[in-house]
Amino acid sequence: MNKPVAIFLMGPTASGKTDLAIALRKQLPVEVISVDSALIYKEMDIGTAKPTAAELAQAPHRLIDILDPKESYSAMHFHADALHAMADITASGRIPLLVGGTMLYYKALLEGLSPLPSANEHIRTEIEAHANQYGWASLHQQLTQIDPLAASRINANDSQRINRALEVFYLTGKNLTELTAQQGECLPYQVLQFAIAPQERAVLHQRIEQRFHKMMELGFLTEVEKLYARGDLHPDLPAIRCVGYRQMWQHLAGEISLDEAIYKGICATRQLAKRQLTWLRGWRSEITWLDSLDPTSSQEKMIQNLEQNFIKL
């Protein structure tokens, strides 16, 4: 029996994924699933470039606005939620179209999840107590002894990832690198994978800067002010660590000026795009590349590839 079909539409931030997905929704029997670790949060619309109400009316997206900003979400959660959504879409006779730039989520779907333990509140509390006394740099040094490869990939100030890496070791006796090498069950779908980006990096950088300034015009600072005023959120939460939000939060905390926040937000977004492109260039599966500056041709290429490889549309 043939596996059902799924489509991945990947790419760096500001590359035009949402516009292309909406155009495809009008021509193909697809339903969109968001693959974005920021779009899952409610009350975070402008700074995440979340599709507007008008856009969602044309192409409803699953897995957006599902969590409060104080909650955490992981690749494990996404894996379960996405598989459920994909099965539901397939059962309705349509094709799952997964759209976004959180590459770790795509990897989790394609390769399955490594057998990592669930969070343990007691161990996390002990790790945090140690950090409060000696600092996260001390724990990062400890991680260097336990798991040099993981430590080299984790910033010494990244408390969330340091905590998780140490927690995994204390729970299992094995380091994160060892455990993540143990592959899980692969995705039970035939997947056609596309990536969209401008051919010139300078064009992407310009789009990122223009979009950030547009978000400011739309009221991004006011959006973050409302989150800041809630009183139950803090800068170590995954939601507030999202690019743009972290910098606006620093401004509201009096740490940097608004101009600095905007500049740093643009720089952080460009760094995010660079990491996303690095993921894509090292991707193990075959990808069909699309040009952000030629959306009509990109749409035609996707439809042509689908007809040739999987289905008659």
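Placement of Cβ uses the backbone N, Cα and C atoms for every residue, glycine included.
Residues near G11 (ATP binding site) in space but far in sequence (CB under 8 A, at least 6 apart, same chain), listed by position: K17, G101, A195, I196, A197, Q276, L280, L290, S292. Residues or ranges marked as ATP binding site in Swiss-Prot (evidence: sequence analysis): G11, P12, T13, A14, S15, G16, K17, T18.
Summarising the annotation, Swiss-Prot assigns substrate binding site to T13, A14, S15, G16, K17, T18. Annotation note: T18 (ATP binding site) sits in a helical segment as assigned by DSSP.
For the region 'Interaction with substrate tRNA' (36-39), the list of distant contacts is 47-48, 50, 61, 63-65, 73, 78, 100-102, 105, 238-239, 242: same-chain residues at least six beyond its ends, Cβ to Cβ under 8 Å. Taken from Swiss-Prot, the feature region 'Interaction with substrate tRNA' applies to 36-39 (among others), supported by sequence analysis.
Outside the region 'Interaction with substrate tRNA' (160-164), and at least 6 residues removed from its termini, the chain residues within Cβ reach (under 8 Å) are 119, 124, 127-128, 131, 136, 139-140, 143, 154, 176, 236, 238, 241. If you look up Swiss-Prot, you'll see 160-164 (among others) marked as region 'Interaction with substrate tRNA'.
Long-range contacts of the region 'Interaction with substrate tRNA' (241-246) within the same chain, counting only residues at least 6 positions beyond its ends with a Cβ under 8 Å from a Cβ of the stretch, are 13, 37-38, 41, 44, 47-48, 160, 212, 215, 220, 224, 227, 235, 265, 268-269, 271-272. The region 'Interaction with substrate tRNA' annotation in Swiss-Prot covers 241-246 (among others) and rests on sequence analysis.
Here the Cβ of T102 (site 'Interaction with substrate tRNA') has 20 other Cβ atoms within 10 Å, regardless of which shown protein chain they belong to. Annotation comment: Swiss-Prot describes T102 (among others) as site 'Interaction with substrate tRNA'.
Look at Swiss-Prot and you will find R124 (among others) tagged as site 'Interaction with substrate tRNA'. For the recorded site, R124 (site 'Interaction with substrate tRNA'), the DSSP three-state label reads helix. For R124 (site 'Interaction with substrate tRNA'), the same-chain residues 6+ apart in sequence whose C-beta sits under 8 angstroms from its C-beta are N163, E167.
If you take the Cα of T13 (ATP binding site) and the Cα of T102 (site 'Interaction with substrate tRNA'), they are about 9 angstrom apart, rounded to a whole number.
Between S15 (ATP binding site) and T102 (site 'Interaction with substrate tRNA'), the C-alpha separation comes to 13 Å. One way to see the shell of the ATP site is to take the Cβ centroid of G11, P12, T13, A14, S15, G16, K17, T18; the remaining same-chain residues with a Cβ within 8 Å of it are G101, I196, A197, S292. Residue counts for the region 'Interaction with substrate tRNA' (241-246) under DSSP, split into helix (H, G, I), strand (E, B) and coil, are 2 helix, 0 strand, 4 coil.
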